[in-house]
Amino acid sequence: MSRFARGITIVWVVLRYGLDELVLSTFRQPWLRAVTRVITFGRKLDAPRGQRLREALESLGPIFVKFGQVLSTRRDLMPPDIADELALLQDRVPPFDPDVAIATIERAFRRPIGEVFVSFDRQPVASASIAQVHFAVIRDRQGHAREVAVKVLRPGMLPVIDKDLALMRMMAGWVESLSADGKRLKPREVVAEFDNYLHDELDLVREAANAAQLRRNMQGLDLVLIPEVFWDFCHAEVLVMERMKGVPINQVDRLRSAGVDIPKLARDGVTIFFTQVFRDGFFHADMHPGNIQVSLAPETFGRYISLDFGIVGTLTEFDKEYLAQNFTAFFRRDYKRVAELHIESGWVPAHTRVNELEAAIRTVCEPYFDRPLKEISLGMVLLRLFQTSRRFQVEIQPQLVLLQKTLLNIEGLGRQLDPDLDLWSTAKPFLEKWMLDQLGPQRLWRELRAEAPHYAKILPDLPRLLHDFLRQRPNDNRVDLQELLATQKRTNRLLQSLIYGGLGFVLGLLVMQLFVRVRIF
């Protein structure tokens, strides 16, 4: 289908499902709304607007379904009724021909499939818009037979994606320029985010790298299993990972009859998530029930099994500090501190008044404290803070929105397992430990130890730097302001070098002594 024909199809679907009322209600040009009223044949206006939007996206195909799924995570931009409905979108499409999957594998590895795998199951076990999964057996580097899951990219996706993305970018530009809410909704930014997300999913090596990173991070935590990646069998279009065997986590009755401790399972999920967030700053961001199983094998009984690593989130130290302090200030009911954190983040316009933001946050948060602590949703706390921030034109960072969406998934899953789950009691030790690590002497020691070689290298250069500085003093007394400022900056740099160099020298000696002592004993 040509781009023009596809564009006509999209416009027809928008009008058929009455989405013009949703899109054009904030447009500055009344004549646009009048034109759309002329086209009334076959319109479906009896359902709520969120349902109509979901059905329209489903009728436009898998790329628009995935776009709706991404939109559902942007609850800082979407009204709750629309975000809730979009969260129901399912990325399910019929599997493609196994012969096409085999041809993709043979093209990727330039070998017949019989030379790549010991055996290959032609029947796919899962299928989505981007890829489908087959089971197979390989020989690893030691010659052992290993059961694996093979993810194969759906062929011909890139041209389809690029065509739909071009149309989305064009429509986003129209909405941003014509709608009164265009700037707040940031449609072009959302489409650009979706563009990056889709192209990341089209590179299965990237997903393999995400899985390998999570597996390495989680090795010391005996609560979760991450499949091993077989790099010799990975390609941009083919991903081969260890086959994991478990029970889907939403089959609670089956897990309970197998003897799994369900309340502990709920707590373990929270522990895994907060470990990934506050310890590692790298978290699995697609933890819905379809991507989580529970092992019933005797040696790993009751452990989580994580699958599908196409979406991950990363947090900087600043992001983690923002989250930890927001949560602790909220539970202390210190709304002024919450407001100050928003302003200190630099995401709030400079003219924002702390007391006004504090009052708005108090209005949102105070009703939560009429409930038992175990009923308070940290994900909803973040969501309400984001929604309040929107009124003050706060620029919420995408990684925090992704975390908020994932946190809601974790809470929903945890309370599905155990309605009495107290999320705060489970999360609090992580927040306290992380803040202690950030503020305590251990962090200072880690930073000094990391910089010791650099400071020790600077120290021998200090006499020469001091000599050069003294020789460059002006010969006359006429010194303008710019030269004074430049001289002051040079002096500050010199003093900083002296201080850091001295610290580095002392620290270097300590580290060397410690190293020698360890070698001796």
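Our numbering is plain: 1 for the first residue shown, then up by one each step along the chain.
Cβ atoms are placed via backbone N, Cα and C, with glycine included.
The active site, proton acceptor annotation in Swiss-Prot covers ASP286, and the record cites sequence analysis as its basis. Non-local contacts of ASP286 (active site, proton acceptor) by the CB criterion (under 8 A, 6+ apart in sequence, same chain) comprise ASP308, PHE309, GLY310, ILE311, THR406.
Taken from Swiss-Prot, the feature ATP binding site applies to VAL125, ALA126, SER127, ALA128, SER129, ILE130, ALA131, GLN132, VAL133, LYS151. Counting only same-chain residues six or more apart in sequence, the Cβ atoms lying under 8 angstroms from the Cβ of ALA131 (ATP binding site) belong to LYS151, VAL152, LEU153, ARG154, LEU204, LEU239. Under the DSSP three-state reduction, ALA131 (ATP binding site) is assigned to strand.
Positions annotated as domain 'Protein kinase' by Swiss-Prot: 119-497.
The transmembrane segment annotation in Swiss-Prot covers 496-516.
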Chain-internal residues near VAL133 (ATP binding site), provided their CB is under 8 angstroms and they sit 6+ positions away: PRO124, VAL125, ALA126, SER127, ALA149, VAL150, LYS151, VAL152
Cβ packing number for SER127 (ATP binding site), 10 Å threshold: 16
DSSP three-state assignment for VAL125 (ATP binding site): coil
Least Cβ-crowded entry, counting other Cβ within 10 Å, from the binding-site residues listed as VAL125, SER129: VAL125
Three-state secondary structure, ASP286 (active site, proton acceptor) (per DSSP): coil
